[in-house]
Amino acid sequence: MAALIVQSRFAGLNIEDDDFPTSSSVQKPKKTKVENNKKCEVPKKPKANGNKSQNANKKKKQKANGATPEQWEQWKEKDVELVDGNFETELQQAILLSKLDYEEKKDVYKQLKKDAQMEKKTESIRVNNKKMKKKNVMSLDQFNGMVNPAEDVKNIQNDEVAEEEKCINKDTEFFERIKDDTKNELLREKIIDRIKNQNNASDEVLTRVQFADALDKKNQEIAALREELVTLKKELHTVKTRNKKLCNILGQGEMKDKAELLIDVERLHSVNSELTAELASLHSDLEKERSRNTDTKSRDKKYPNKKKSIRFDVSSEALVTKEAGCGPE
């Protein structure tokens, strides 16, 4: 890839280190004694230089902070290219080292393979020998294998040596194969990353759908509860109105009862007053009659020879008239 010529984002930073002395520190030894004397006479100049350097640093920082978005994009692309390039080179080095390690220890690996093959063959020969002992019949190839096992091993070794020579003669594109392997590894890792990102996106979609379903259910429950609350409020209002009506009716009934009782009490009071008045009049009449009777008795005692004077009251006259009316019948 073509190298991008981009202004570094760290260009505005001031480099101060022991290994990299600043221009002011380099120029100090070149100054003469006269300049040193002037510095001693005027001690305010270093402060001015320090302020100037601070202002310059501030201006550089402001320039660095005021980078355009295009520069940021270029820096990002450059960083990505550097990271990918470093990763690719490191992967190539790792594959190369692994292959070199394999080449160094190839003899050990081959010896292990040979030992494993020899063990398998010896086990197979033992099994065949056991079978042959049981059958008591042996073929010519089996007999030759039992008699000459070293020849078979030599033939196998010769075949492996020939294959190694062929591989050595053919292995002229070793580094190209390493590059191809690195490219394949990078492609495989990119594919795995894409699959992971797709899985994460699908998981996010599923979680969003689940949250949406849960929200719909909760909203439905809230709507049902609101409807129940409205109905309960209506019922409570009706119950309150009924209770008010009942209270009014009961109050009116109690007032009527009280009014009737008061009327009855007033009637009784009036009757009582009338009866007391009649009783008082009757009592006075009785007292008068008693006084008359006492007067007559006293007169009779004084004059016993005189005839008794008959007195007729209104009541006696009424009785006489009644008897007269009933007599002729």
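Heads up, the Cβ atoms here are built off N, Cα and C, so glycines get one too.
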Match it up for me: which of 68-102, 208-242 does TrEMBL list as coiled coil?
208-242
By DSSP, how many residues in the compositional bias 'Basic and acidic residues' (284-303) are helix, how many strand, and how many coil?
19 helix, 0 strand, 1 coil
